[in-house]
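Notes follow once the structure below has been shown.
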Amino acid sequence: MTESASSTSGQEFDVFSVMDWKDGVGTLPGSDLKFRVNEFGALEVITDENEMENVKKATATTTWMVPTAQEAPTSPPSSRPVFPPAYWTSPPGCPTVFSEKTGMPFRLKDPVKVEGLQFCENCCQYGNVDECLSGGNYCSQNCARHIKDKDQKEERDVEEDNEEEDPKCSRKKKPKLSLKADTKEDGEERDDEMENKQDVRILRGSQRARRKRRGDSAVLKQGLPPKGKKAWCWASYLEEEKAVAVPAKLFKEHQSFPYNKNGFKVGMKLEGVDPEHQSVYCVLTVAEVCGYRIKLHFDGYSDCYDFWVNADALDIHPVGWCEKTGHKLHPPKGYKEEEFNWQTYLKTCKAQAAPKSLFENQNITVIPSGFRVGMKLEAVDKKNPSFICVATVTDMVDNRFLVHFDNWDESYDYWCEASSPHIHPVGWCKEHRRTLITPPGYPNVKHFSWDKYLEETNSLPAPARAFKVKPPHGFQKKMKLEVVDKRNPMFIRVATVADTDDHRVKVHFDGWNNCYDYWIDADSPDIHPVGWCSKTGHPLQPPLSPLELMEASEHGGCSTPGCKGIGHFKRARHLGPHSAANCPYSEINLNKDRIFPDRLSGEMPPASPSFPRNKRTDANESSSSPEIRDQHADDVKEDFEERTESEMRTSHEARGAREEPTVQQAQRRSAVFLSFKSPIPCLPLRWEQQSKLLPTVAGIPASKVSKWSTDEVSEFIQSLPGCEEHGKVFKDEQIDGEAFLLMTQTDIVKIMSIKLGPALKIFNSILMFKAAEKNSHNEL
């Protein structure tokens, strides 16, 4: 009896009701923290005395009620009786109390009796007696019906929960429908039967949807507290840590609380910027929706390139935007640019274009700027922040412009505003005694002159007045906030400001090792104020406890402390990490970029993590800034040689420890079990043996394989000796060339359920494709 009573009371616990509220300001007994309720109906810590005074002034002019965590109307506004403002509230001494779990108002057993007013058990409000139902406890027929429907829904929810907790019971028991045979006419009874049948259809539909979303829900439940433990709360956490949240006023509009809900739906089509090639606009599809964030998929490409953005991101646009503004749209894979048509494509895909009203950037007020397309400037290379290079403005949209580095490919381009700290006027490097990286191939690097270069390129410098100074961000050390985890972008975690500089902050994820800290721009859309997740409906990952760090490997199958087995360093989201080599949080992957082939060119990044990802340093090595780059290149080369020598030595020692019966068997085993970590081109004997064992693979580069369709991958698998029957498996799983190159031996054996022998041949063919790609680059 005691347990049931406590559980019942726990269900109806409301954090708002335990606070002391006065003039719109709530205080927690035993605490000095003060709270207010913002426009979203959620709690917000008051950190400024002026802010508290504003709350009191605003409350003095309105009739205030105790708020709810999720303000949801119990019935449509049109169904409620329209009372004068003075009556549409709770009388003094009887505030409206809402459930924190459901967001619905509790039924008050003993409402305050007020002469001339009738209390409604559904609305928990008071209205004129004349306008309420005669002799009833409801203000309207809709309110009475709502209470009845709510009771039935609660019964069904209880039965569904029981079925999910005990699958065996779900096979034995069928959901019961409460059919109340009151004294009604035959017509009313038939109406009830129809309503009950409709409820059954809705119930079955929700069960199917639940099964379909099981994968995502399992991930989202990671943030839910275990049974018997209290739910994590920002207010309690701040008090325990004696910490303060970053004031909401320090966040930019695109970081702060949104004004509208996220209206995007899965399957909607739109146009947007490729974050890895920011000069390229692509056809995108909404793959997932979570709170105020959406996950976007490049049509026709592997889902390993999917990326998350906020619903109000400036880089997404409605269908037809590129055609309207004169921008080039990159069509889906397999479509020709001149043949692509949005209307035809939407009909073919049976898809819906995202409504224009969902795009917040359609109503931006454009501020006059001194920048024009073609103007020159000096800009920081974000991929190598120590480099400041010669750059050009190549595009302008609203209040932003695209920075392109002269004579480099577009993968280094980025969008920025006039106040960006990454851009400087012509001559800034000379004035501040910084080295300016000149365009590759430019003659007379040591005597580079801006005047001469501007004349040669027939261009103008961006005027100094066009560059705006960004004010200090105001973030301070030890302040708390919510940050998107760049290593696993589906997660937003509780974080602390570990350090600051002029325009960046170093974030630390609470409970995690300091090695995961990283710097991020203070105006990045991936940082948010405390409470952003709760207000937008996005799961927030609470700080890791020492116990969770110990138990992580048991639950997630990954040995990395803190990792719950979600996310993958080398491929798409649905393949969880099976080892430290694949875990985005493992030590070996800590400072690496994800190993994906370039989406447009199909080229793989350098195999060795010692080499910088970009080509600019190597290409410009002999032409500009020799003091900086030559030293950097020597360090890289020395590190690479040490790693290679160590790996080769380890490989030879391992081979020497095992003696095979015959030379032929030794050659065969070495060819089959060769690891891609060893530089294959440096071992001609091994390369020769692999080519003999897999003749259909020799000479095919990975860039060509990445463009294969699912049918071509299937045909290739069938061409391998002993793998004829496995081609259909790859076709059924819709594995194209890009996905094929990202597979590991473990994936082929465990996920594809292919025996070890054929799996080794398939995996070695992948290694040979990559080696052939590397050979072709070396020859060039």
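Just so it is clear, glycine is given a Cβ too, placed from its N, Cα and C backbone atoms.
Residues annotated as compositional bias 'Acidic residues' in Swiss-Prot: 157-166, 185-194. Residues or ranges marked as compositional bias 'Basic and acidic residues' in Swiss-Prot: 643-661. Among the features that Swiss-Prot reports, SUMO2 cross-link is placed at LYS637, LYS704, with the record citing a large-scale study or a structure entry. Taken from Swiss-Prot, the feature domain 'SAM' covers 708-772. The region 'Disordered' feature in Swiss-Prot is assigned to 149-220, 597-665. What Swiss-Prot lists as region 'Interaction with DCAF5' is 600-710, and the listing cites experimental evidence. The repeat 'MBT 1' annotation in Swiss-Prot covers 232-332. If you look up Swiss-Prot, you'll see 340-439 marked as repeat 'MBT 2'. Residues or ranges marked as repeat 'MBT 3' by Swiss-Prot: 448-543. Per Swiss-Prot, zinc finger is recorded for 549-593.
Summed and averaged per residue, pLDDT over the repeat 'MBT 1' (232-332) gives 94. Counting only residues at least six positions away in the same chain, the Cβ atoms of GLY602 sit under 8 Å from the Cβ of LYS704 (SUMO2 cross-link). Under DSSP, LYS704 (SUMO2 cross-link) is assigned to a helix (H, G or I) in the three-state scheme.
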